[in-house]
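Notes to accompany the following structure.
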């Protein structure tokens with residue numbers, strides 16, 4: 001926030017421009033979360049979807065995206081409206097944001113593995129991929145993501161006094177977990193996760209490419225889906241590279257720092273959440289069928305009134 005003092009008061013430079021950016025962010029967030037909410041409701045209403053591991057993973061991805069998008073937009077608005085907030089409030093918001101951010105590439109890696117198993121091991125698929133095992137894997141994803149953050153929390157509690165948690169900061173991870181160990185550990189863990197997911201994507205894609213026939217429609221769709229997984233993981237990689245991108249763009253556009261922040265936020269935080277419903281909901285024939293039935297049932301009563 002660019003704040004200047006004028007005549008003893010405080011005036012926000014480019015206030016209406018910044019307000020417009022916040023309005024755009026809120027509209028995008030509400031729109032994406034509304035679509036995701038319809039996806040979640042469709043999933044919970046149909047047993048056929050709830051009993052399929054593929055759609056269970058999709059449900060988890062969408063729910064995780066809703067959590068991450070809601071918190072990210074809330075922090076963006078707080079930065080504009082308040083500038084700084086109390087550390088303990090920031091901590092309560094940052095923790096689920098970090099965990100949900102780590103969940104995303106891990107969930108995409110599991111979804112790619114599920115596609116690989118359905119094509120390369122069709123006869124064993126139903127025995128390997130069950131809803132129960134899928135739920136266990138999802139729990140494992142949350143456990144791994146949470147455990148990767150817990151050391152930062154313990155270090156913070158052990159090294160900081162009570163007045164720090166009552167002080168006000170610009171809510172950013174590095175401003176809360178500011179020890180050098182936490183920063184290095186975070187970079188190392190996220191890099192390891194991304195490397196593992198990228199290796200999984202490369203392996204599953206080329207195994208599907210070599211195993212399945214080119215004329216097989218399911219195999220072609222599986223290859224396309226894994227490529228879309230890779231694109232989303234690439235966007236997750238941009239989260240890891242965000243500080244470097246910010247420094248580069250600030251150097252290239254020193255007069256447009258606010259616009260750089262807005263652009264990076266939309267590309268890294270909002271755009272990947274926009275892709276999930278399209279790739280895994282509207283693109284999927286079975287899910288689209290039940291989704292259209294639900295939308296039709298919603299529209300019919302309204303037309304009778």
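Using the three backbone atoms N, Cα and C, a Cβ is placed for every residue, glycine included.
Annotation source TrEMBL lists domain 'G-protein coupled receptors family 1 profile' at 35-280. The annotation transmembrane segment is assigned in TrEMBL to 23-44, 75-99, 105-123, 135-158, 188-206, 226-246, 258-282.
When each of 23-44, 105-123, 188-206 is scored by its Cβ pairs under 8 Å to the transmembrane segment (75-99), the top-ranked stretch turns out to be 23-44. Against the transmembrane segment (105-123), stretch 188-206 has more CB pairs under 8 A than any other of 135-158, 188-206, 258-282. Mean per-residue pLDDT, taken over the domain 'G-protein coupled receptors family 1 profile' (35-280), amounts to 82.
For the transmembrane segment (258-282), same-chain residues at least 6 beyond its ends with a Cβ under 8 Å from one of its own Cβ atoms are 2, 14, 17-18, 21, 25, 28-29, 32, 35-36, 39, 58, 61-62, 65, 68-69, 72-73, 76, 104, 111, 225, 228, 231-232, 235-236, 238-239, 242, 245-246, 249-250, 288, 291.
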